[in-house]
Amino acid sequence: MVGTPLFSNAKKILLLGSGELGKEVIIEAQRLGVECIAVDSYENAPAMQVAHRYHVIDMKDSGSLRAVIEREKPDLIVPEIEAINTDTLKEMETEGYHVVPTANAAKLTMDREGIRRLASEKLGLRTAKYEFADSLDELKEAVKRIGIPCIIKPIMSSSGKGQSTVKSEFDIEKSWDYAKSATRGIGTKVIVEEFVNFDYEITLLTARTAFGTKFCEPIGHIQIDGDYHESWQPHPMCSPTKAKAQEVAKKITDELGGYGIFGVELFIMDDEVIFSEVSPRPHDTGMVTMVTQKMSEFEIHVRSILGLPVNVDLSYPGASYVIKSEIYKWAPEYDIIEASKLKDTKIRLFGKPVAKIGRRMGVALSTAEDVSVARDTAKKAANIVKIK
């Protein structure tokens, strides 16, 4: 049952994290008559611009997080980022609040150690070989055992922040310092992963709903140092490998529980499926679904958490390409005229108040009968958007 926003019978969502993904979540929730409250650590974040109201707090601070939850008394608490005090979410859940998909899922997936041990040691899923290190000396020993090249990541970070590739022993200290600079939360622990020479990597968007688990078509993507640059859908997979990928995705999402969409990242190597990571929320590579699917990942997420049926069918092949800033500018302006002239192409600007060098400020979305054509068009569109 959904009531009327701003009245006593309203269904209320409290969104923790108000970036570009959260913005689309709120837009979809608004379409279904849900009252939306956005929370982030800075003013005028993208999702705040489309919410009924917002709060600026440090979501890692237990007292601040508890205060805003108790003030708003939401029906659903929807984490959109990792930088949240998940211990407080677990406490609030025991007090009767509903955390999406569950507080335990939010806690496990913000911590690479927790989710990796769950996937590998409890569920027996194949992963890259890994070790954890809590000091530079421990890291050096771990690298020796894993081998070079290898990947170093903070156990708590997002969007590839702090991730680097060690190509020689001379890179280890630099990678350690970089990981420490980007960690979210307390501590400096990192994960050391073997370098997987995969054939390709995909995101398998997996929707857990009251009507069962559904899988979107595989999304291919390119990440540079863990940061999404482009994605496309569908990525071709043979039926047996796709079935294996769906089996892996179902195992990990069933273990996490709750309803909503999960972005399951997988490496494919010689038709073997290797688990990488999972996010219990819409995934940045899934922005392509805004033009490729009958329902975007954002609509699927909102409908799933409201107990409504979803449609994961593909409408058109398509691609996305990130628009990044090359300047530092407060309140930037965008020239999108030429990009908007390209066939079957849409530009989505996130509305971030500050442009920073390398920061994602928007995305180009293109459809075509052939994925490769869509990829070329989206890349061209993104590259001709001018940020001033």
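Backbone N, Cα and C define each Cβ position, glycine as well.
Just one of Glu70, Glu72, Glu80, Glu230 is listed by Swiss-Prot for the same N(1)-(5-phospho-beta-D-ribosyl)glycinamide site as Glu20, Leu21, Asp284, Lys352, Arg359, Arg360, and that one is Glu80. Using Cα positions, the member of the binding-site residues Glu277, Asp284, Lys352, Arg359 nearest to Glu193 (ATP binding site) is identified as Glu277. Separating the Cα atoms of Lys352 (N(1)-(5-phospho-beta-D-ribosyl)glycinamide binding site) and Phe195 (ATP binding site) is a whole-number distance of 34 Å.
Remark: Arg359 (N(1)-(5-phospho-beta-D-ribosyl)glycinamide binding site) has Lys324, Ser325, Lys352 as non-local neighbours, by Cβ distance under 8 Å and separation of at least 6 in sequence.
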